[in-house]
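Here is what TrEMBL says about this protein:
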type     : residues                                      : note
SIGNAL   : 1-17                                          : signal peptide
BINDING  : Asp62, His173, Thr175, Glu333                 : Mg(2+) binding site
BINDING  : Asp62, Asp338, His342, Asp379, His380, His455 : Zn(2+) binding site
ACT_SITE : Ser112                                        : active site, phosphoserine intermediate
Amino acid sequence: MTALLIICFCLILGSLGNPQFPEQEKDPKFWNAWAQRTLKNALTLQELNKNKAKNLILFLGDGMGIPTVTAARILKGQLNGQSGEETQLEMDKFPFVSLSKTYNTNAQVPDSAGTATAYLCGVKANEGTLGVSAAAVRSQCNTTQGNEVTSILKWAKDAGKSVGIVTTTRVNHATPSAAYAHCVDRDWYSDNEMPVEALQAGCKDIARQLFENIPNIDVIMGGGRKYMFPKNMSDVEYPNILKHSGTRKDGRNLVQEWVDRMKDKKNHYVWNKTQLLSLNPNNVDYLLGLFEPGDMMYDLERNTESDPSLTEMVDVAIKILKKNPSGFYLLVEGGRIDHGHHEGKAKQALHEAVEMDRAIGRAGLLTSDHETLTIVTADHSHVFSFGGYTPRGNTIFGLAPMLSDVDQKPFTSILYGNGPGYKVINGARENVSAVDYKGNNYQAQAAVPLNAETHGGEDVAVFAKGPLAHLLHGVHEQNYIPHVMAYAACIGEYREHCMSPSGSAGLRPAFSIVAVILSAARLLC
């Protein structure tokens, strides 16, 4: 009884410390005026941006389902000293929003490989496969040939644009791999992870395909260093730590091969933040940045002296790519949102989402909506939720304001449907008041015990701005996304629609500085 009273007291005390909602929100005029401003802005969207997209940017929040977006919005506001609910993420500011159906051809709840093939290559595919159609079977090497599908990154490169990949995972992980690889198994990171039969049959590992399939990708940044070096070759950052050493059985040094091949092309290989930020983008045409042996560190755990943030990588990437007068295509993945959720570590996942939102904001400052189509979406969701009738301003990582009416114990607002957070002590649910539930690596309670939490199967949001962004509306299949991007930029299978019978462009090139000024004035007024 004493313990119960203490818990109740703590809950009440915590609620008293929560930010109170602003006084102005009590006045109906506040809400009416806000809605009218929003309506006025919405009416301006009737003047659709039908320019030809010079640049294309896809931000992919791996595992960033709608509950994650909402929770990240609250976290962003609370990090800025606000209650959080009224905050706007950068992606919230995009004028067009739609839903994407994420299922794989053989899976109701998808994985990141099959989905990446959809939103990069324009066709749905089987789970676990990359850059191949649904006729290919996972792990069966002999089903690769003849079933390859190309990506929008290749379509852009073939059209003369510069192209780049930036990720917080390994550069040969599921999401980035579908941009360049044709592989029936997402786990074939290097030849070390491949079965002998697949190698003998002529299948190539993903790291090798990164450098061979589209040999002149302009910017590549992320983790995955160990898959590029000979087996047991010591890592430059973690010498003599075997798990970080090279993995390649073929003895190839893919990084050195890249350096040698690109030596006359203003190329740079970097492996730490100091090297990256010391570069003058005007003097760099090709950049390879591999900042960790495996995935990059969570943003909360990142060494800010040696490891670049996603925002810093995006900043450098765009400054290099935008030099091309024909424009660019850039794939940016906030990949560790997914990893945080799989581990049941919601705090890690949500901070990753907030960092990706910062990167979206940075990209917006470096580009113009008149000529750049920017899309933000997710490959799939997770069985992550938050609820419990929490009051306004309740810390997103905090407790619900009541005890369970079944076991009389407190519970956190954030919970998972399954995962490693399932804990039973003495035959009963763990009492979260006895642990640090606000810690960076706290594993939120889950209903079903699993070593790794699973993906969710619901639709995910697609946020869009820029030329022809209005084509992303309603509910669509996930593979629709690259078709819209290619159509807007007149690349791939959509080159001809930009040419009228007279040979002139069917879409307006976005070149008018007057249009930019008028648009800025409209937003300010």
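Using the three backbone atoms N, Cα and C, a Cβ is placed for every residue, glycine included.
Automatic prediction, not curation, is the source of TrEMBL annotations.
Projection of TrEMBL feature records onto the structure.
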{"residue": "Asp62", "record": "Mg(2+) binding site", "Cβ within 10 Å": "30"}
{"residue": "Ser112", "record": "active site, phosphoserine intermediate", "Cβ within 10 Å": "27"}
{"residue": "His173", "record": "Mg(2+) binding site", "Cβ within 10 Å": "26"}
{"residue": "Thr175", "record": "Mg(2+) binding site", "Cβ within 10 Å": "29"}
{"residue": "Glu333", "record": "Mg(2+) binding site", "Cβ within 10 Å": "29"}
{"residue": "Asp338", "record": "Zn(2+) binding site", "Cβ within 10 Å": "29"}
{"residue": "His342", "record": "Zn(2+) binding site", "Cβ within 10 Å": "21"}
{"residue": "Asp379", "record": "Zn(2+) binding site", "Cβ within 10 Å": "30"}
{"residue": "His380", "record": "Zn(2+) binding site", "Cβ within 10 Å": "28"}
{"residue": "His455", "record": "Zn(2+) binding site", "Cβ within 10 Å": "23"}
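Using the Cβ center of Asp62, Asp338, His342, Asp379, His380, His455 for Zn(2+), the list of other same-chain residues with Cβ within 8 Å runs, in sequence order, Gly63, Asp111, Ser112, Ile337, His341, Ala378, Ser381, His382.
Nearest in space to His455 (Zn(2+) binding site), taking C-alpha to C-alpha distance over the recorded positions Ser112, His173, Thr175, Glu333, is Ser112. Rounded to a whole number, the C-alpha distance linking Thr175 (Mg(2+) binding site) with Asp379 (Zn(2+) binding site) is 9 angstrom. Within 10 Å (C-alpha to C-alpha) of Ser112 (active site, phosphoserine intermediate) lie the following binding-site residues from His173, Glu333, His342: His173.
Comparing Asp62 (Mg(2+) binding site) with Asp338 (Zn(2+) binding site), their Cα atoms are 5 Å apart once rounded.
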